[in-house]
Structures are given as C-alpha cells and as structure tokens.
Amino acid sequence: MAAMLGRDEDPVGALSGRVSLASTSHRSLVGASKSFRDVFMPQTDEVFGRSERREEDDMELRWAAIERLPTFDRLRKGMLPQTSANGKIELEDIDLTRLEPKDKKHLMEMILSFVEEDNEKFLRDLRERTDRVGIEVPKIEVRYENISVEGDVRSASRALPTLFNVTLNTLESILGFFHLLPSKRKKIQILKDISGIVKPSRMTLLLGPPSSGKTTLLQALAGKLDDTLQMSGRITYCGHEFREFVPQKTCAYISQHDLHFGEMTVREILDFSGRCLGVGSRYQLMSELSRREKEEGIKPDPKIDAFMKSIAISGQETSLVTDYVLKILGLDICADILAGDVMRRGISGGQKKRLTTGEMLVGPARALFMDEISTGLDSSTTFQICKFMRQLVHISDVTMIISLLQPAPETFELFDDIILLSEGQIVYQGPRDNVLEFFEYFGFQCPERKGVADFLQEVTSKKDQEQYWNKREQPYNYVSVSDFSSGFSTFHTGQKLTSEFRVPYDKAKTHSAALVTQKYGISNWELFKACFDREWLLMKRNSFVYVFKTVQITIMSLITMTVYLRTEMHVGTVRDGQKFYGAMFFSLINVMFNGLAELAFTVMRLPVFYKQRDFLFYPPWAFALPAWLLKIPLSLIESGIWIGLTYYTIGFAPSAARFFRQLLAYFCVNQMALSLFRFLGAIGRTEVISNSIGTFTLLIVFTLGGFIIAKDDIRPWMTWAYYMSPMMYGQTAIVMNEFLDERWSSPNYDTRINAKTVGEVLLKSRGFFTEPYWFWICIVALLGFSLLFNLFYILALMYLNPLGNSKATVVEEGKDKQKGENRGTEGSVVELNSSSNKGPKRGMVLPFQPLSLAFNNVNYYVDMPSEMKAQGVEGDRLQLLRDVGGAFRPGILTALVGVSGAGKTTLMDVLAGRKTGGYIEGSISISGYPKNQTTFARVSGYCEQNDIHSPHVTVYESLIYSAWLRLSTDIDIKTRELFVEEVMELVELKPLRNSIVGLPGVDGLSTEQRKRLTIAVELVANPSIIFMDEPTSGLDARAAAIVMRTVRNTVDTGRTVVCTIHQPSIDIFESFDELLLMKRGGQVIYAGSLGHHSQKLVEYFEAVEGVPKINDGYNPATWMLDVTTPSMESQMSLDFAQIFSNSSLYRRNQELIKDLSTPPPGSKDVYFKTKYAQSFSTQTKACFWKQYWSYWRHPQYNAIRFLMTVVIGVLFGLIFWQIGTKTENEQDLNNFFGAMYAAVLFLGALNAATVQPAIAIERTVFYREKAAGMYSAIPYAISQVAVEIMYNTIQTGVYTLILYSMIGCNWTMAKFLWFYYYMLTSFIYFTLYGMMLMALTPNYQIAGICMSFFLSLWNLFSGFLIPRPQIPIWWRWYYWATPVAWTLYGLITSQVGDKDSMVHISGIGDIDLKTLLKEGFGFEHDFLPVVAVVHIAWILLFLFVFAYGIKFLNFQRR
C-alpha cells in the first residue's frame, strides 16, 4: 500500500497520498465541536445522560493525558473503543507499537465495513485531517522528452542458442572486445523519440499491443531500464533528473513477473516488504500534525488517529498497512496461506499477481508504474482494484500509470488519461474523453458494442484496421503508426501537450517531501533485523532439509566409525598411519560436502533477491549476513555430531585438548565450505552453471588438498595452487593434530626421511608441516577463507545481475523475412475475414468423435492446510467444490466464470483428471458412459493456465512433436504437417515458427506468444473435448480476440470446448454459448444459455429481488460478477447458490445432465485398442527427436559440460603430469591411484550434479505430457538416456585424449580402449545416477543432498581411502555395491596390472607389482572382463530405477 504521508524530513512533510486502499467506517474526523461520545456513543434518553457525561469527561481526561505526553510517547499511544464485559463501548488506551492481531482485526472491522463502498470516504477523512491544519500534499510530475531506447540482437539462425552458435558467438564477442572483428549484432529500436507528461491527480492508462514497448517505457520512467539497453533523451521528476534523487524510492515499479518466496505466507511477504520500504516521513508528519491539532484544539477521530500513528511507527515487524492492502486487494481470505511455487501448493495465479502489486503498495512511494497488474484477475476484481487506485490518485494526488491488457469498458472509464503506444511510438496521449475524437479525425470509428480499449489496440494493426473505417465515401487506405503519431501533433490535444512542454517545470515549486534522497527506507540495523528474521523464518519452513542433512551426517558418521573401528586401527607404524590418513580425509570430505546444499538454496533465492535489491528493499550485505550467521550453529551441530560419534570410536588421539582442536578444525572447514558454496551460487546464478562451477571448484580444492597427490609430487608451476586450496589448510590442521600426538612419537629408522618420529614421517611423506604452530595458522587461514568468501558473496550479490533476458530476436533476414511476414499476414487476414458472421471456416477437419461431458454432485476436498489450522479453523478437510453439476456439449462453447478463488481451475482439473491429490466425490460421464481416464486422455485436450513447454525447442518443433504423438497412426506425415501448418496460421504462430520457446520471464517467447503456443499444442492433437484454463489471460485485447476466434472455429467443427475466463470483453464474453458461473466457495450460481447479447443471463439475475439493473453498454460479465460478490450477498441477505438450486433453470440443468448421463441407443463407449496413439518405437523415436534438439540448444548445460571437461582434463593433466610413467615406490603408486580416483569421481560427480536441474525442468513438462496421454514413461526414459549417452560418448573422447596423454599412460591400443571404455561407462552411470535421484525426489535440492550422501559412500568404499582387504568384513560387501570401486578396479588393473616391475614399500622392501595389487588392493588382471560387464549392469540398473521413478512417482501437487 502506498504511503499516506510524504517522504521528506520536513516535519510539515507532507501527506503522501497513498495510505491503504481500505475503507473506513461511516464516521471519520471529529473536529473541536464534537466530543468522543458523539463519535462512539449512541443517543440515549435523558435518564442516562448524567452517567454518559461522566464517561465523556473520563474520556476527555484520558485524551488530555495522552496529549501531555512527550512527542515520542504521544505518537505511540492511541485510544480504541472496546466492548466491555457488560456490553458497553468504552475507549481504552492502547500502545500502538504492541497491537495484537485481535486489536488490528477490531480496528479493521471498525474502519472497513464494506471495502467497495467505504474506501473513498476513508481516504477523504485522512486527507481532510491534514488539510484542516494546512499540511500540503507533495505532488510529482514526470516528464519524458525525446526518449529513444534501442537494443542489440543477433539475426537469423545465429540467434538460436545451439552449441555451435554459442561457441561462434563467444569467439566473435572476444574478438570484438579487442576490436579484431566488427560486431554482427543488429540494432532494434524499442522506443522511438517519444515525449509526454504524466501528471499527478490523474490516473493514466497505458495501452498497446505486445512488443509495443509498454514495459520498456515504464521501466525507463521508473529508472529501472536494463543496462544492456541504450537510452537517449531526458526524464525528469518535478524538473529534477535521476542523479538528483533516488528514483527507486520515489516511485514504485510493479513488474509483470510474480517472484516471491513460496515458503512465506501472503501476510509475511507484505509485512517484510512494508518493513524494508519504511514509513517515509509519516513520523514527522504525525509529529507536526499532532502539534498543530493540539494548538487548534482539534480532537481527531480515535480510529483515524490510531491508524495514522500506527503506520508512522518505523521498524514494526507487522503493520496496519499490510492489513489494509490485504483487504483492498482481496487477499485477506488467503493472508495466512503460503505463496507456493512450482512444487508447493499455494495461492492462485490471480492472487499471486495481486500479491506482487501489494508488495509495492505497502511502501511510501509517491509515483506508481504498474505493468499489467490484471493478468489472471477477473474483470470485477480488476475493476475494484482500479477503482481504489483512482480514489487514491484523485484524493491523495498520487502520480500513476497502469498498463492493462484487456480493460473492460467500466474499468477503462475509470482512467483520466490514455497513453496509446504502438511499434515504439506514441499514437495518442491525453484525456480519455478525446481519444475517440482523435481516431474519428482519421476516419475510424468504434462500433457500438465494442470496448474502446479493444478498439484502440486493434485500430493501429494492419490486420484489423480496415473494419473500423467509417468514411464509406472514401476508399480505405492503411494508416500507419507513424502517420498516427505525426498526426497527433496537429490534433488539439497534441498541440496542448506541445505548448505545455515549452514551459519548463518550476523546480522551486517542488515539495520538499516529493523526491527521496535516502537510498533505503530504514536504518541499517533495522534492515539487518528484517532480513535476519526472514532468513530464520525460511530456515524453519525448510527445516526438513536441515533435519535431513543432520540425519545424513549422523548416518554417515555411524558408517565411518564402523569402517574405521578402533579395534582395527593400530598405532605406531607408517602403514598404520596410512589408514588414519584415509579416515581423516574422508571425514574432511563429508564435513565439507554437507555444505553443498547451500549452493542450491542460494540459487533458489536469487530471483527474489535481485528483484528486491533493484527495488532498494535492502543492501546485499543485509541479505548475505543473516545467511552466514544463522548457519554458524548448524555448522557447530554438524561438526559436533561427526566428531562426537567418530573421534573416539575410530581411535584418534585420546587427549581432550586434541578432541576440541579437531572439533574446531572441522567447524572451520564447514563454515568455509558453506561460505564457498554461497559465493559459487551467486557467481553461477543458475542451477546448471552453479553446479558445474561448484563441482569444478571442489575438484581443485580436494585434488590439491595434499592427500590425493602429495605436495612434493606436484609440479613446481602448480605449487601456488596448493597454497590457494582451503582444503590444504583443513587437511593440515587435522593430520597435524593427530600425528604430533605422543603416541606417534616412536623413533624413525628410515634414513631416507629426515624426521625424528613416525608421526613426522607420516606428515613429511605427504608434504605437510611438522611445526605445531602451523595448526593455528591453518585455523586462522580457514576463518580467513570464510570471511573472504562471504565478502566475495556480497560483492557478487552487489554487482552481478541475473542471467538470461527476454529480448526479441530477429528470426529472418532481409527479403526472406519480409516474405515470411507477408505470408503470415495474408493467411491471417484470410482467416479473420472468413471467421465473420458469413459462416465459420472449418478448414481441414481430421476425423474425430463428438463427445459430451456431464457431471453432477461433484465435491472436492483437500487436507486442511496447517496454516489455517493454526488460525483456529476446525476440521480435517477443506472443501473447494460443493455439489457442482453441469454439462458440456459438442458444438457448444461454454464459459466457466467466477471470481478468483471460486474454484474454476479446481473444477477443470477434477473433470480433466489432472488432480494428483485431494478427495473427489460425484459422477462424471462421457457421452453417457462413466469416464475412464486412460481413454479420456486420448480424446481430450487441456490448455493449462501455466504455459508449460520444453524451453529449448522451437515453436514449430513443439507442435510437430505434439501432433506426432497424439494423432492416430492412420494419419500420414504429410497430412499431419499440413494440419500443424493450419493450426499455426489460425493462432498466428507462423512468424514465430523458428523462435525458441524459452523459460517464462527469462528468455524466449513473450507471455501472449506462449499462451497461443499452449492452445496450438492442444489443437494439433485434434481432441473431441478441450479444456482451456484462462486462454486469454496475459493477452491484449487483439491477441485475445485471435485466440477466441480460433476457439470459436474449433467449436464450430463440432468439438466440445469449455474455457475458464477472468476478464472477458463484451464481444469475447458474448462469443460463448453457455455459462457456468461459480461463486467463492466452489458453488454454482448459474448454469445455462447466455442468450443474444447475454439477455437470458441478465434476465435471470435482474429477476432476483434487490439486484441492481444493468446499465446500457455495460459489460454483462462485469455486471454479473459485481452483483454476485460476497459483499452484495451480505447487503441483500441473499445466497445466490441457494437461489439457483431452487430455480427452474437448475431443474432444466438437472434434466440435461440426466439425459447426457444416459448412453444413447446403439452407442458405444469410447474405446482404443492401445493406450497410446503411437507405438512404443514411435514414442521412443519422437521423444528422442525432441530431446536431441533440446540438448543441442541448451548451451548452459552442454557447453558448460564440455568446457568443464576440457578445463578439468588440462588441469588434471598438469597436476598429475606424467605420473603414469612412475611406479618405483609406494607413493608413486598412490599418486597414480589418486589420479585415477580423481579423474573418475570428480567429473562423474559433475555430470550427476549438472544433469539434475535440466531433468527438473523437463520433468515439469513430462508431467503435462504424461497427463495428456502422449507417451509411456519408458520411451521417454530411454530417449533421454540415449541423448545423454550420445553426449557422454563425445565428452569421454575429449577427456580421454587430453588426460591419457598428459598423465603418461602407455600408448597401446588395448590399454587406451580399456581406459576409454571405463571412463565412458562411469560417466554414463554417474549421469544416470543423477537422473535417477531426480526421478525419486520432489526437487533438485533434495536430490542434491541425496546425491552427496551416496557419493560419500561411493567415495569411502571406492578402494582408494581404504583398500578392499583392509575394509572390515561386515562392510566388504558394500565395496562390490559401489560403482566407483569397479571403475577404479578396471582402470588401475588395465593400465598397470600386467606389469612385472618391482615396487619399494617402506618398512618391507621391494615387492612385485602384480603381487602388491592382488594382496594390497585385491586387483587381478584376469578379472577385467567381469568388471567390464558389471559396468553395463550398473547402467541398466540406474536406467530401470529412473524409468520406474518417472512412471510411478508424481511430485506435482494439484
């Protein structure tokens, strides 16, 4: 909610016009002439007068006592009426800083009786109070002069993000940076030399078709333009340029994209926002207001006084502002429900859109720029919100621009001014009343039953313009946007605007509270506390993850202590120390790896952070520090669990001092790891890149830690990297703590090593320090790394921006582009013309069976949310649908309408069989036969509200893929392709055929383009019954009209189509044949025909006593929703659901349901010989085809994979340079073993980690496609694995060539092929392992935790840390159950297992290499064929589990 008060330090400081948009009670400000009794006490007989006067005197005394308080205390005290035990209303003193929820609720009930009616009066009371004492309200006038914005794009096929293009584009960018190659990017102009004035106290509507530049204009005015765009021109606020104030705090930009933490409730999100944005100058205002009222003897209304004082108190965890915003945005009903996300059930899309609006309204900004705030909202809700905005603008003198896609006529009438934007040019800017006159000036007229807003968005379109030509005596000629724009300057409104520009704004008139000069709304300490509280809340909501991590490290410590049991751990010799080395290294790995989950959490929270950072909610350090500080206790707990369980059971040095030193070392390592992963997450910014960078960093850190390869064996040119590795300091600290203990002080008899004791020999053999003070140096170094990584984390948050963008790409070039556009235009014109009243265009009708759908007494329940139980709501189930009945018939277009939260999508999900949880009751029949979901999926289509598509394929490929799998086998390829082309033409997708779909809000298609693709994907399936959930949501009026014409054409072919729809215009609403209207609570209140011009609908509701008549020209859809709101029901004491159930219309509806629930004579139930439209092999082929193109165009995944492969190969080659040529002593063999271990484990782990985010994105698409009956899970699994194997094969080839040559292995064909084979199969099973875990867990965060747990086990039992013969007998079986152990067996044995050389072993002497491998490690060369076969078995096992997981597990909650 906007601030009610001004923004400056000036005590007179000015009332900001934006208080809550909530209403007040019917009494307001009370002047000196009224007493408190006049406000609250009813008039009574004289017999009670004396006692009432005593009460009044008491009230006056208490108010006087408040006025005598010091200013600081006085502004925190208020008086609120309370009902006493005897039923009397009494004023009670109350501390406004400690308002309980019941107090806020009580005040809300007094101020807000009916929001729709009382809001204006409430705002006037607030304004009157400040006007009465002469406090001036600040105003902001925004001017933009000659603004042009342009951006760079790549042209033609080079814009597609294939691996080849990304490589080429990267090389070009590097060469271009050094001016060695001219840039091949093209400039596109988004805004073209536009100028205008946005005035306070006038609400401005911004209209324009998609890609017209609306969002760019709003972002430019708000000072939030993308850094990659170039802007010229001048923008001023009250004559001041951006450098003179802080635009992000002076104004508020409300984005199209709904980014919120799904773990927080609606109220918590708004409270946090209000807390960070601050109160502006409300406190100074209240101080001055209170002083002036005291001087003039004015006693304010206690309710108004309490409200204004409460919202003026800074630093509150929760504010009344939140309660008011919840009320006026209609979010009070879901205030305590989680926002939700992709995998977590939460509020609806419309409610989330309102939450995005509310998040900025709770702040004190004086100018508001709102970008498409009505997406997903019904027309009634949009109207109410815009009405509140209008009251705010007019009463409080706020500056406001609102961009809307499909404003209904009544909503359009609320605006004062219009800015019409098209092709980056302003066609019209000025009063709404003159806009039709302007177009009549050009010869165009708006039809009678056409919304003006719809007309304005279509009249500039070449495809739609001609139908509005009104000068019949003159031939029509297309009037271009440039012609309109230039003609506006000669129109009287344009001339007036030009004359206003000639007079510069007088800076001296700028109110001191108008422009904000402080960067943040509250103090640094308050910002830190707010972020700290939120971080603690998020940790509690994600407690499962932290509990899971704790359980994981507990289990792992129990396993470790049984592997390295102290009875098996001997002390005193060098060979005994080797086993302790393995135990300490593994412990270090686990404590460090347990912090890997921090990387996923960081990436997950970045989108919300970037939004709030750019809006100046808080500085980056305030976001980063709580995440660091709150993890310190967790580090202590995890380190304590590990040390407590393993230290003495393994048999480390027994003294208490060394125990606590070891605990300190592990704690520091864990803190360093958490800090490192947070930093890497902020650097990577996406799951794939972060996982790649994270795994690569771990590889370097671990390899150079001193255990895998000794320091003395590292080449001199890599020594610096050894000292840069944090792992080295952790490893040094723990091994020094152990081996400098007295029990390792046996004298050393090996003269080749200059050391006095066995402990020093163990340290020096691997290059560790032996001086005791190095332990503390290492501790300080680890803490220093932790501080450094946290500092880098803050810097990354401060300076890096999110990856990905939504810029357009030029798909065609030159003449080809023009031809393509012409073809698309001509086809569309033909379609639009042919879909007129002369008769529908049926086009190519593929064979299908017309089907009806009837349902009755449908009830749907979900388990009661814990948040609602916490609020005192009783019951175990929450009912969302209540006795819903209806029928959908072939050739009949049915609208499913209701306010947000009425249950429209819920009903559609139930009918379509898309619900994955909850409890369903009732009957559903298809053409008289009980619905069978398997066959129903074959004959139905479902256009979901959320446009879910594979992001890395093109539009054409998406449609071909859908048609390929869903059309029957008797339709040949040519017919199928022609049908796809026709559908693309119907939905106007031909110009976008080669565009990448992309991720919503990140890249690729815009919202409206994505919506049209969703519809086309279902239409190409040729379904008999089509469900469309909000098909026009997010579309402008013209795009919505195109979509609805497509829908109408579909219905005219005899199909059954039902659409939920939020905000239909008159012509769209009246294109429907029948209506099913629902009210909040999931009850039907109308089901029947609309009639001509909605006559039957209007007659039905007007016949209800008390319902106001519809006005001429009013949208029947909006009127219908307005008169059936809960507040109207309450006012008229009606229940529309009860009225409907007692009506003749209900009885006719029941008769229809009964008829359609009975099979017609001679009919047969829908039956298919096979479950799926295509055969198993075709499904596999089609899925592989899509996955092939998806992977080819996913450079973030595959380009990074190959880059990391090359970098890791080269680095390992340098670290282990020619290590394979030396097998003279035990350390040489350990180094080679370490090289093979690192080469397999780390790149394999990288594959397993990076594949999971890619699988997570595709899994969401898989859920939709599986529900649509496109394919079985097995072909999908096989195809995805096949594509991965293809890339793994190439990856292994690159890696093997680099590594094999640099580490110095023998160049024989057999050994090279064995090396390649084991590397390839290991990379495949690692990748499949990551895919398998993704299929078995709800999200990739949990999958990542599970992966780190099992990788730790694989690491422990790989045979490197503890050879198989030394593993206790009770754990030896798990060695054979560890894939990495088999790979190391194969690699080591194939490379050196056939050598006859001798190896020197300390304390033993020379021994034959084959004997050493057999007795020391359990390796035999003759066992290689078995090892090779087992690798295939691992691959098949993981493939089977992956397929099983995606087939039987569904983590989507609907």
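Glycine residues also receive a Cβ, built from the backbone N, Cα and C atoms like all the rest.
What Swiss-Prot annotates here:
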type: DOMAIN; residues: 175-448; note: domain 'ABC transporter 1'
type: BINDING; residues: G208, P209, P210, S211, S212, G213, K214, T215; note: ATP 1 binding site
type: DOMAIN; residues: 526-739; note: domain 'ABC transmembrane type-2 1'
type: TRANSMEM; residues: 544-564; note: transmembrane segment
type: TRANSMEM; residues: 584-604; note: transmembrane segment
type: TRANSMEM; residues: 623-643; note: transmembrane segment
type: TRANSMEM; residues: 663-683; note: transmembrane segment
type: TRANSMEM; residues: 689-709; note: transmembrane segment
type: TRANSMEM; residues: 716-736; note: transmembrane segment
type: REGION; residues: 812-838; note: region 'Disordered'
type: COMPBIAS; residues: 812-824; note: compositional bias 'Basic and acidic residues'
type: DOMAIN; residues: 853-1106; note: domain 'ABC transporter 2'
type: BINDING; residues: G898, V899, S900, G901, A902, G903, K904, T905; note: ATP 2 binding site
type: DOMAIN; residues: 1178-1392; note: domain 'ABC transmembrane type-2 2'
type: TRANSMEM; residues: 1199-1219; note: transmembrane segment
type: TRANSMEM; residues: 1231-1251; note: transmembrane segment
type: TRANSMEM; residues: 1312-1332; note: transmembrane segment
type: TRANSMEM; residues: 1342-1362; note: transmembrane segment
type: TRANSMEM; residues: 1367-1387; note: transmembrane segment
type: TRANSMEM; residues: 1423-1443; note: transmembrane segment
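Locations of recorded Swiss-Prot features on the structure.
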residue : record             : DSSP class
P209    : ATP 1 binding site : coil
K214    : ATP 1 binding site : helix
V899    : ATP 2 binding site : coil
K904    : ATP 2 binding site : helix
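Take the domain 'ABC transporter 2' (853-1106) and the stretches 175-448, 526-739, 1178-1392: counting Cβ pairs under 8 Å, 175-448 has the most. Apart from G208, P209, P210, S211, S212, G213, K214, T215, the ATP 1 site neighbourhood in this chain, defined by C-beta within 8 angstroms of the site C-beta centre, holds L421, S422, D1036. Among the binding-site residues S211, T215, S900, the residue whose Cβ has the fewest other Cβ atoms within 10 Å is S211. For the binding-site residues listed here (G208, P210, G213, G901), the lowest count of other CB atoms within 10 A around the CB belongs to P210.
Sequence-distant neighbours of G898 (ATP 2 binding site) (same chain, 6+ residues apart, CB-CB distance under 8 A): D378, K904, L1077, M1078, K1079, R1080, L1121.
Same-chain residues with CB within 8 A of the center of the G898, V899, S900, G901, A902, G903, K904, T905 CB atoms, the ATP 2 site residues themselves not counted, are S348, D378, T906, M1078, R1080. The transmembrane segment (584-604) is in contact with the transmembrane segment (716-736), judged by 3+ CB-CB distances under 8 Å for residue pairs 6 or more apart in sequence. Within its own chain, the transmembrane segment (1312-1332) has Cβ neighbours under 8 Å at 1239-1240, 1243-1245, 1247-1252, 1255, 1280-1281, 1284-1285, 1288-1289, 1291-1293, 1295-1296, 1300, 1305, 1343, 1347, 1350, 1379-1380, 1383, 1386-1387, 1390-1391, 1424, 1427-1428, 1431-1432, 1434-1435, 1438-1439, 1441-1442, 1445, counting only residues six or more beyond its boundaries. Among the listed stretches 544-564, 716-736, 1231-1251, 1367-1387, 1423-1443, the one sharing the most Cβ pairs under 8 Å with the transmembrane segment (663-683) is 716-736.
Listed by sequence, the residues of this chain that lie at least six past the ends of the transmembrane segment (716-736) yet keep a Cβ under 8 A from its Cβ atoms are 581, 584-585, 587-588, 592, 661-662, 665-666, 668-669, 672, 676, 700-702, 704-707, 762-763, 766, 768-770, 772, 774-775, 777-779, 781-782, 785, 1214-1215.
By the Cβ criterion (distance under 8 Å, sequence gap of 6 or more), the transmembrane segment (1231-1251) is counted as touching the transmembrane segment (1367-1387), at least 3 such pairs being found.
A gap of 25 Å separates the Cα atoms of P210 (ATP 1 binding site) and S900 (ATP 2 binding site). T215 (ATP 1 binding site) sits 25 Å from S900 (ATP 2 binding site), taking the CA atoms of both as reference points. Highest local Cβ density among the binding-site residues V899, A902 belongs to A902, counted as other Cβ atoms within 10 Å over all protein chains shown.
If you take every residue in the domain 'ABC transporter 1' (175-448) and average the pLDDT, you get 87. Spatial neighbours are here defined as Cα atoms within 10 angstroms of one another, and by that definition A902 (ATP 2 binding site) has no neighbours among the binding-site residues G208, P209, S211, S212, G213, K214. Counting only the Cα atoms, the space from S212 (ATP 1 binding site) to S900 (ATP 2 binding site) is about 29 angstrom.
Within 10 Å of the C-beta of K214 (ATP 1 binding site) we count 25 further C-beta atoms, all protein chains included.
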